[in-house]
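Chemist: As annotated by TrEMBL, domain 'Cytochrome c assembly protein' applies to A:71-277. Residues annotated as transmembrane segment in TrEMBL: A:6-28, A:40-57, A:77-94, A:101-118, A:138-162, A:191-210, A:225-242, A:251-273.
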Amino acid sequence: MAYNSLILSITTFIYGLAGVLYIFAWIFEKPTAGRLATRVTVLAVVANTFGILLRWYESHQLHTGYGYAPLSNLYESLVFFGWTIGVIYLWVEYRYRNKTIGAFAVPLAFLTMAYASLSPDKSIQPLIPALQSNWLIAHVITCFLGYAAFAVAFAVSVMYLIKAGDEKRAAANGGLRMPSALVLDDITHKLVMFGFLFLTVGIITGAVWAKQAWTRYWSWDPKETWSLITWFIYAALLHFRLMRGWRGKRIAVLSIIGFAAVLFTYFGVNFLLSGLHSYA
Amino acid sequence: MQENKEQPSGPGPSERLAEYIDLWWRFLASVKLSVVLLLCLAALSIIGTVVPQNLAGQEYARIYGPFWATLVLVLDLDGMYQSWWFRALLLLLVINIVICSVDRLQSTWKTIFVRHPKFDLNGFRNRRQRHEMDLKVGPAALQAPFERAVGKSFRYRKVVPTENGYAITAEKGRWTRLGVYAVHLSVVVMLLGGLIGSRFGFEGFVAVPEGESADTIQLHGSGQRMRLPFTIRCDAFTVEFYEGTRRPKVYRSRLTIIEGGQEVVQREIEVNQPLYHQRIGIFQSSYGRADGRAPAAAAPREAPDEVTVTLRSAASGMVYTRTVAMGQAIEIPENLGWLVLERFEADADFQGMDLGPAFIGTLTTAEGTSRTVTLPLDYPRFDAMRRGDVVIGVVDGAAGDAAPAERYYTGLQITYDPGVPVVYTGFTLMIIGCWVAFFMSHQRLVVEVTARGDGSRVMVAGTANKNKTGMQVVVERMTEKLTALAEDRQGRS
């Protein structure tokens, strides 16, 4: 096994440890465990970054003409997805000073990396002609920033549905009690806006690239169509807020449905439908 | 009471018409309609990803049986994204977007395009999140430095005299209220660009053997032939592979464009690097052997002794790899049956589709039913189309000999789409619009300074149409800044 996949496997365990610490800190309200969880998550993101950079470097060492930014197949995209979830979660924790979201979001980063570890083939495969374009980097990075924001929004929406049930409990303390339903709703909204912008840019960069590589900017390929379906769902979510009394629960439910569409766009299309977009 | 008296005569026809129009206007301008349309589009779009698109009519009968095939064809599900009902939904969305935007712009317009915006001072004075402090410097001395400090982060500012002092009113980002309209407009622009492309553009294909020329392409869809305003000559075609693998590295055609007997352009094109001439795009899309046989990569042309097969279980998602000899049965894990590779075809054909080199095998389920599977080397995901419990792929045959030096033809996609600049304008507008609509806001700030004894009382309050917590931070920072300024002034005097 190349060093990059070794480091990325280790990263998986660090995310797992961070997730366990967050859950522990939340359930038993232990601030020490919470602080440790944040540090471990930072460590995981650093290791994840290092693994990606090392894979990039190693791709250049193999043969001439092999080198490429490691964003070109299911394994590499999963690893990058894990990274984006980690980074966006840390930003949310920093911004809202609350560690309970980590108990829901960091396990998603762990699951993503764990699923990546199961990939049968982690070897570095040089880019086929269709992928040899700078649009690859712009397209993948923007899409996954979008996906990751939706993933964290999904975690927050699940928390909202739990929280909406027992709003009567005591107010937050030490960042170890769940934020109020109002704050959770606000975080979901912010993350969905962020994700929507990046999904939009991701679809658009994909379209411009498709024009260059496949001759048309839009061909109703299953991957394209499903990304548009996801876009429609989140567009509807953003309009929910404008309707009286449609905040809160309905938004949380639609955010969960939206994330299911993200997952189908990402995995389902590849495994169940056939189309042009067969890399990841 | 008076209304009751008038009712028997009823509203006149013109009033009834106005009422009717108003009702429709409110329906078409409603957000509820937008949400319903977006969710309908999301749900209906799924159909076209499940039902294969643009097949011949009899193919649907073969896949779904006569009844469902008729339904597919009657409802235009075979080309649903071009169907009248899908287009009608998009048109309704456009109408909704336009009317909704016009409806709201009427009020937003007045807010955005005013020379001197109105500030409701009492509203700011009564805000819960206002900051107040007492300073030992009189109002007059504070005015100039305060105005400068506020002016640094707010473009518009105006000093309004109050009973016992003055108020600095300031604001910025009034125009950001237009962001959401830019997004809505961009959707209309993109759809318009798509319409232009489908009306006035064309797409076709031509295969040009090395050393030969072509000026006529075959159009997609209709299959008609069309003459180009120039001739394309293929001087050479090359395919390269990554060192020691069968993985293609580059497909490259050297082309010469000839106009009226003159060679006007000579260039190499590759996948991702098309050539545009007279706004007509020439794209590298395929290649093959010029003697009319199937595309020849460095694929094995004879049946190899051993083959590596991947077996992916649809239920668990696990992938198993097995090395198998021709004719030898292998058991598929998870009790999914048995696979035997029967034969190898250098030039496999699947329902008229040219697949290139492929293995033909028999898959027997645990229940004992058998079926033939086709496993093309060039399309490792081909078997996924069968939607079986297991997806079989041939990873790599035994290393084949490199393709002998033969004459190739290059397959070129030729497209002309005058709608592209319009669509790209829509793309740009949408990205900028989303950014503005989501992350920028119209912020208003009031700093009121009132004389109090020798010193003054200062009140800072602000509002924003979005991101209210962000505005609180702005107000807090401004308060700190102004306090520091006043203390500085106090120290000097």
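Including glycine, each Cβ sits where the backbone N, Cα and C put it.
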Chemist: Against which stretches of its own chain does the transmembrane segment (A:251-273) lie, if we need a Cβ under 8 Å and a gap of at least six residues from its ends?
Modeler: 74, 81, 147, 150-151, 153-154, 156-158, 160-161, 164, 185, 188-189, 192, 222-223, 226-227, 229-230, 233-234, 236-237, 240-241, 280
Chemist: What residues elsewhere in the chain lie close to the transmembrane segment (A:77-94), defined as a C-beta under 8 angstroms and at least 6 residues from its ends?
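Modeler: Contacts of the transmembrane segment (A:77-94) (Cβ under 8 Å, skipping residues fewer than 6 from its ends): 8, 11-12, 15, 38, 41-42, 44-45, 48-49, 51-52, 55, 70-71, 101-102, 105-106, 108-110, 112-113, 115-116, 119, 140-141, 144-145, 147-149, 151-152, 156, 187, 191, 194, 266, 280.
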Chemist: Thinking of Cβ pairs under 8 Å, which stretch from A:6-28, A:138-162, A:191-210, A:225-242 has the most of them with the transmembrane segment (A:101-118)?
Modeler: A:6-28
Chemist: How about the transmembrane segment (A:191-210) and the transmembrane segment (A:6-28): do they have 3 or more C-beta pairs under 8 A, pairs 6 or more apart in sequence?
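Modeler: By the criterion, they do not touch.
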Chemist: Grab the same-chain neighbours of the transmembrane segment (A:6-28) for me: Cβ-Cβ under 8 Å, and only residues 6 or more beyond its ends, written as numbers and ranges.
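Modeler: The answer is 34, 36-37, 40-41, 43-44, 47-48, 50-52, 54-55, 79, 82, 86, 99-100, 102-103, 106-107, 109-110, 113-114, 116-117, 176, 178.
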Chemist: Calculate the per-residue pLDDT averaged over the domain 'Cytochrome c assembly protein' (A:71-277) and state the result as an integer.
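Modeler: Averaging the confidence scores along the domain 'Cytochrome c assembly protein' (A:71-277) gives 90.
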